């Protein structure tokens, strides 16, 4: 998960150096993470059914190897168009990595421990947003911008070897057709509403975090270094939230309460930081802490809940979820680029908040289905055996 996040943020501090190298305006370097995210969002749902049919590792290991190759190809690209093509290839490979990495947790970890385990995995994603920009900035300034991509490529190759050697349980395979798998997944109780909430709440809120630096600059007139500290602190508080999942579940007494509380915390943070008339900076910082904790705790719990719904189409559901999250990021980033100057920060973040409110409404309409697991083919199958496949 750390590697998946690096591809979205590694270029940020190096845009000027990369633009000079490729002979293009620095702003055009943004096409690298954008092309990566778009392809990822488009292809993840198509690869999900394949993992349900053939297993997680047969897609995860080649995906990591391809991801490594894509990073190296960007570093060695002779032109910007070649680098974008390599970024697209990286998005294809990432679509095979994240959904399968999350599905392996649901396949191998006891149900009660899955939200906390998912939170620990998401620490990797969050830490990539905090650590990688610093690493890439230092390497670009003191070595060469290409060193950052070569480092990512080497790390992905090491991850591929470790994953190949890792014993995992293989869930019972359902020999269903490709489109039949989609239909089966989307007809399960509450899946469509939960997936819609993934886009409306998690996707849009993560999208707002990707433009948080610009929101702080425009609304609070902060300097670059101060913005970096605030955004980094937001990421660190999110990591703290990831580590508090188990304790929060015990206090709340229900996973659904944890998720609803996380949505409300996100709404409070987005409203105070990005929509309401600017408060003092300490008040905005406190709202950001509430937002980061809510997202850090509730996000992995929501992911884990989706993965627990049905074992035999778990990869498909997880892949659809990952795709919708990336779609939310693309929507907010696109609206920010198009409307921040024309309509203002408040209008764009406000539209995202309206979407989050809709997501909260959908989650509140979901009622428990005690017989859900028993009603799904293979949902209560015997624990699968360990396999290196």
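Just so you know, glycine gets a Cβ as well, placed from its N, Cα and C.
Residues or ranges marked as domain 'Major facilitator superfamily (MFS) profile' in TrEMBL: 1-373.
When Cβ-Cβ distances below 8 Å are used as the criterion, the transmembrane segment (29-47) is approached by residues 7-9, 11-12, 14-15, 18-19, 22, 59, 74, 83-84, 87-88, 90-92, 94-96, 98-99, 182, 316, 319-320, 322-324, 326-327, 329-330, 333 of the same chain, each at least six residues removed from its ends. As annotated by TrEMBL, transmembrane segment applies to 29-47 (among others).
The transmembrane segment annotation in TrEMBL covers 59-77 (among others).
Positions annotated as transmembrane segment by TrEMBL: 83-105 (among others).
The transmembrane segment annotation in TrEMBL covers 117-141 (among others).
Same-chain residues lying 6 or more positions outside the transmembrane segment (147-166) and placing a CB less than 8 Å from one of its CB atoms are 2-3, 6-7, 10, 14, 57, 60-61, 64-65, 67-72, 74-75, 132, 135-136, 139-140, 388. Annotation comment: TrEMBL describes 147-166 (among others) as transmembrane segment.
What TrEMBL lists as transmembrane segment is 195-215 (among others).
Marked as transmembrane segment by TrEMBL: 227-246 (among others). Non-local neighbours of the transmembrane segment (227-246) in the same chain are 115-116, 118-120, 122-123, 126-127, 129-130, 209, 212-213, 216-217, 258, 285, 288-289, 291-297, 300-301; each lies 6+ residues outside the stretch with a CB under 8 Å from one of its CB atoms.
Annotation source TrEMBL lists transmembrane segment at 258-275 (among others).
Per TrEMBL, transmembrane segment is recorded for 281-298 (among others). Sequence-distant contacts of the transmembrane segment (281-298) (same chain, six or more residues past either end, CB-CB distance under 8 Å): 119, 122, 126, 202, 205-206, 209, 220, 222, 230, 233-235, 237-242, 244-245, 248, 258-266, 268-273.
Annotated transmembrane segment per TrEMBL: 319-340 (among others), in sequence order. Sequence-distant contacts of the transmembrane segment (319-340) (same chain, at least 6 residues past either end, Cβ-Cβ under 8 Å): 34, 37-38, 40-49, 51, 95, 98-99, 102, 185, 195-196, 198-200, 202-208, 210-211, 214, 218, 303, 306, 347-348, 351-352.
Through the fold, the transmembrane segment (346-366) approaches residues 190, 193-194, 196-202, 204-205, 207-208, 211, 215, 219, 256, 259-260, 263-264, 266-267, 270-271, 273-275, 332, 335-336, 339-340 of its own chain, all at least 6 residues removed from its boundaries and within a Cβ separation under 8 Å. The annotation transmembrane segment is assigned in TrEMBL to 346-366 (among others).
Per-residue pLDDT, averaged over the domain 'Major facilitator superfamily (MFS) profile' (1-373), rounds to 84.
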